[in-house]
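Novice: Once you've had a glance at the structure underneath, I'll fire off some questions.
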Amino acid sequence: MQPGKRFLVWLAGLSVLGFLATDMYLPAFAAIQADLQTPASAVSASLSLFLAGFAAAQLLWGPLSDRYGRKPVLLIGLTIFALGSLGMLWVENAATLLVLRFVQAVGVCAAAVIWQALVTDYYPSQKVNRIFAAIMPLVGLSPALAPLLGSWLLVHFSWQAIFATLFAITVVLILPIFWLKPTTKARNNSQDGLTFTDLLRSKTYRGNVLIYAACSASFFAWLTGSPFILSEMGYSPAVIGLSYVPQTIAFLIGGYGCRAALQKWQGKQLLPWLLVLFAVSVIATWAAGFISHVSLVEILIPFCVMAIANGAIYPIVVAQALRPFPHATGRAAALQNTLQLGLCFLASLVVSWLISISTPLLTTTSVMLSTVVLVALGYMMQRCEEVGCQNHGNAEVAHSESH
């Protein structure tokens, strides 16, 4: 028997919690700085430390959830996050702020890993793509809405209210854990000893993860460079903020369009066409940099096409990466998310480093263009195992499992 709509809503809540924790407090940076009487760099460091903890701790929670079960590990992770959020109400200095933000990151990333594992645990394999396609657009929407919610709380209350809200949301998400029933899928102990190295030996896994990470890195490169690009073009901060709205809508269209398309076609049939759309849109965005006096609309049109492609690509490649490891999905999701965040961080770092050397638009779009090569490489990897190298790849994984 498949889970109902309430279970799906709960999974969606788990999926966006990490982004709420990341982005809701961004509008409060100045208020936190003034209240704690600390340098702006210390408040900014709280975000960097959070992202570092969020990326690294996933490698802990994933294997633990495979070994000890989703229920206890998720309960521990969310409890840690709730306590970290509650502690933020009494922060009096920058050091405590940094420590508690790291505690929050370690706790909340349990939800980021385990919600993906729960999808593969509780839904039949033929429906996993559609479930990811239903949830992932909300993941893309949350970074746009979280700062708006944070701003509203800041205007009407104080910056501490942001973390009180996160605490309340977490408590609501903790309660259903107590009613979480064990999965009915048969247990396969052969994957209990699967390591991260074993996962990377699978061309299907690393190919799909590379596609996921590269598409995300292209988006993060734009997020890093776009404020400089649009400021140089003469746009106000208000217009720059509004420029992210069509991108978010485009991502939603891609995600829910993919969900509808999956009722008629398989993910592996849709993927090559979506990757072509991604490549063409990125190349068009890069080419716009050579137009003299380029306008915001001329840049946003191809970029929004890329956002549509990403919204449709994500659920397909995530499902394809996790499917071969039904009893090691915690580890598989953890490594996938860490590699994705790592490549996004690298793309953002390169844009930040080069943006003072060349024009912001050309620098940013050139970094985006490099991700097309990585996407092509990822597709060739997973395609090779599908059509010609599958037996060899499976033999490698089987050999590693036997050891």
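Each Cβ is built from the backbone N, Cα and C atoms, and glycine gets one as well.
Remember, predicted model here, so these are calculated numbers, not experimental data.
Taken from Swiss-Prot, the feature topological domain 'Cytoplasmic' covers 1-6, 63-71, 116-134, 181-208, 259-270, 320-340, 383-403. Summarising the annotation, Swiss-Prot assigns topological domain 'Periplasmic' to 28-41, 156-159, 230-237, 292-298 and lists a curator's inference as the type of evidence. According to Swiss-Prot, the transmembrane segment annotation covers 7-27, 42-62, 72-92, 95-115, 135-155, 160-180, 209-229, 238-258, 271-291, 299-319, 341-361, 362-382, on the basis of sequence analysis.
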Novice: Quick one: do the transmembrane segment (209-229) and the transmembrane segment (72-92) reach 3+ CB pairs under 8 Å, ignoring pairs fewer than 6 apart in sequence?
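Specialist: Counting Cβ pairs under 8 Å (6 or more apart in sequence), the transmembrane segment (209-229) does not reach the transmembrane segment (72-92), since there are fewer than 3.
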Novice: Mind checking how the topological domain 'Cytoplasmic' (63-71) divides into helix, strand and coil residues in DSSP?
Specialist: 8 helix, 0 strand, 1 coil
Novice: Averaged across the topological domain 'Cytoplasmic' (259-270), what pLDDT does the model get? Just tell me the whole number, please.
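Specialist: Over the topological domain 'Cytoplasmic' (259-270), the predicted model scores a mean pLDDT of 85.
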Novice: Please determine whether the transmembrane segment (238-258) and the transmembrane segment (95-115) are in contact (criterion: at least three Cβ-Cβ distances under 8 Å, sequence separation 6 or more).
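Specialist: The answer is no, given that the two segments have fewer than 3 Cβ pairs within the 8 Å cut-off.
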Novice: Going along the chain, which residues at least six beyond the ends of the topological domain 'Cytoplasmic' (259-270) come within the CB cut-off of under 8 Å?
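Specialist: Same-chain contacts beyond the ends: 129-130, 133-134, 312, 315-316, 319-320, 386.
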Novice: Short question: most Cβ pairs under 8 Å with the transmembrane segment (160-180), which of 7-27, 42-62, 95-115, 271-291, 362-382?
Specialist: 7-27
Novice: Give residue numbers and ranges for long-range contacts of the topological domain 'Cytoplasmic' (116-134): same chain, 6 or more residues beyond its ends, CB-CB under 8 A.
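Specialist: 2-3, 7-8, 11-12, 14, 62, 65-66, 70, 183, 185, 255-256, 258-259, 262-263, 267, 312, 314-316, 318-319, 322-323, 326, 329-330, 333.
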Novice: Which stretch, 7-27, 72-92, 362-382, tops the Cβ pairs under 8 Å count with the transmembrane segment (135-155)?
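Specialist: By Cβ pairs under 8 Å, 7-27 leads among 7-27, 72-92, 362-382.
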Novice: Same chain, outside the topological domain 'Periplasmic' (230-237) by at least 6, Cβ under 8 Å from its Cβ: which residues?
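Specialist: For the topological domain 'Periplasmic' (230-237), the nonlocal Cβ contacts are 243, 294-296, 359-361.
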Novice: What does the DSSP secondary structure composition of the topological domain 'Cytoplasmic' (259-270) look like, as residue counts for helix, strand and coil?
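Specialist: Helix, strand, coil within the topological domain 'Cytoplasmic' (259-270): 7 helix, 0 strand, 5 coil.
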Novice: By Cβ distance under 8 Å, which residues at least 6 away from the ends of the transmembrane segment (72-92) in the same chain are close to it?
Specialist: 14, 17, 21, 36, 61, 64-65, 100-101, 103-104, 106-111, 114, 160, 163-164, 166-167, 170-171, 173-174, 177, 330
Novice: When you scan the chain for residues with a C-beta under 8 Å from the topological domain 'Cytoplasmic' (320-340), skipping those not six or more beyond its ends, what do you find?
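Specialist: Tertiary neighbours of the topological domain 'Cytoplasmic' (320-340) are 55-56, 58-66, 70, 73, 109, 112-114, 116-117, 120-121, 125, 128, 185, 187-192, 194-196, 199-200, 202, 204-205, 208-209, 212-213, 216, 267-268, 271, 382, 397.
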Novice: Where else in the chain does the transmembrane segment (362-382) make close Cβ contacts, counting only residues six or more beyond its ends and a cut-off under 8 Å?
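Specialist: Those are 203-204, 206-211, 213-215, 217-218, 221-222, 224-226, 228-229, 271-272, 275, 278-279, 282-283, 285-286, 288-290, 320, 343, 347, 350-351, 354-355, in sequence order.
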